[in-house]
Amino acid sequence: KQFTKCELSQVLKSMDGYKGVTLPEWICTIFHSSGYDTQTIVKNNGKTEYGLFQINNKMWCRDNQILPSRNICGISCDKFLDDDLTDDVMCAKKILDSEGIDYWLAHKPLCSEKLEQWLCEEL
């Protein structure tokens, strides 16, 4: 599914302020990671990254490519490609708990300031 900024802001409201990361920071980071498209798959340095949050198959989810995956989120990677973001959010929070927001490389250079443009006016 191709989300809009406002749709995504609505769905991800529960993440606002989690571990000190604001909703506009998440929206910005997701935009620069996957363009709000749940179907995004990126192959990168022998890893494959899935979905809105670009969660990789080496550590966080399992697919048929990397064995063994640590599969910390205990989930099949293709679950991050559907429209239901519940499992994506659960895993993203685990990543944040363990790695911090810098797991998402876009965050520091692109999403740590000037965040007004990432707010949804309708909320």
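Backbone N, Cα and C atoms are what each Cβ position is placed from, and that goes for glycine too.
Between CYS28 and the candidates CYS91, CYS111, Swiss-Prot records the disulphide pairing with CYS111.
Reviewing CYS77, CYS91, the cysteine that Swiss-Prot connects to CYS73 via a disulfide bond turns out to be CYS91. Within the set CYS6, CYS77, Swiss-Prot assigns CYS77 as the partner of CYS61, by disulphide bond. In the three-state DSSP classification, LYS79 (Ca(2+) binding site) falls within a helix. Counting only same-chain residues six or more apart in sequence, the Cβ atoms lying under 8 angstroms from the Cβ of CYS77 (disulfide bond) belong to THR48, TYR50, ILE55, ASN57, CYS61, ARG62, ASP63.
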